[in-house]
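Notes to accompany the following structure.
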């Protein structure tokens, strides 16, 4: 094992990729608040370099954490000493990354049309942006591309607009990939874009939606982070901005919105995966959406898509006070989840962010809801932790297909219940 580790580290140095040989993902089961607090203490020990995939929220909710090889025994000993049970969900993270790379390398042929594009594999930013351009070229009467800004590192932030005409019509916003390592979301976003062009004029529900509203789809919401996951660190979550006074890079773009910014549910530590940034909208990736939504002024539904955990969430994240539209949002979430489950039997839970998972301040949909966008939802796609952020490419299309049924339900309701 030691020889393998040395070889892997040398290869990583040559190719620039961070190595995860021997890293394990543990599922921790905290049975009471005291055990949850112990895990939180573990989380604060930065020298352990733990990467929490599912945070310690409250007793009874699973906690998933990636543990580097050098600290795995210390972490297990800590848990065992405090009688906190755990199981190994992923034995070796690098082996899954190697499988992922091998699968991607087998499908590297450049598509000359969106029909030839491979929707059952993961793609780079350049490939996704080329796909977007192809889609616009093939469907100029339905699809256009808008650049709403540029990233910290200077990449374009592109959004697809699906419209049957008119100006400033009521609209629906969908974004995927705000957390860069959640690859199944960007892949699903690509599939959604193609699905819209295939179904308009053929499928009555989508046709009625687009005859009444525009759809904006941002497939890669965090381009810098996404490129970094491909070139350097597959597990990168945040943006790539620099924080003055810290060597740690990036901000959690789902804690950077001007909705209870700085309250519990986000971190002030620049090295944390949930670092909120120095001020609201500090990240250009967030500010670009804020400016677009504000200037548009007629967005009626806002749907932000993440992975993993199989959840459909609505406001609030920062307070347990029920949202004014909680009853309607809850019923709509139930209908959307029912539609999703009907295809492949995938089970989703639904509810407000704070009641269903944890307290989160500065989140996307708390801000959009505060701007009067009633139908504000966050999805957490497959799975529930068996593979986590490393979902096999074979699950991309089934994930996108079932999620689309939930999206259709929300969009159809939005059209039929104007406000």
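Heads up, the Cβ atoms here are built off N, Cα and C, so glycines get one too.
The structure displayed is predicted, hence computed values, not measured ones.
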179, 180, 181, 182, 254, 255, 307, 308, 358 show up in Swiss-Prot as binding substrate; which entry in 169, 237, 240 does that record put in the same site? 237
Other same-chain residues whose Cβ falls within 8 Å of the Cβ centroid of 179, 182, 306, the recorded Zn(2+) site, in sequence order: 177, 178, 180, 181, 185, 237, 254, 305, 307, 380, 389
Can you tell me the CA-to-CA distance separating residue 181 (substrate binding site) and residue 380 (active site, proton donor/acceptor), as a whole number of Å? 13
Using C-alpha atoms only, work out the spacing between residue 380 (active site, proton donor/acceptor) and residue 306 (Zn(2+) binding site) and round it to an integer in Å. 5
Please classify the secondary structure at residue 182 (Zn(2+) binding site) using three-state DSSP. coil
Cα-Cα, residue 179 (substrate binding site) versus residue 306 (Zn(2+) binding site), nearest Å, comes out at 7
Residue 237 (substrate binding site) and residue 306 (Zn(2+) binding site), distance between Cα atoms, whole Å: 11
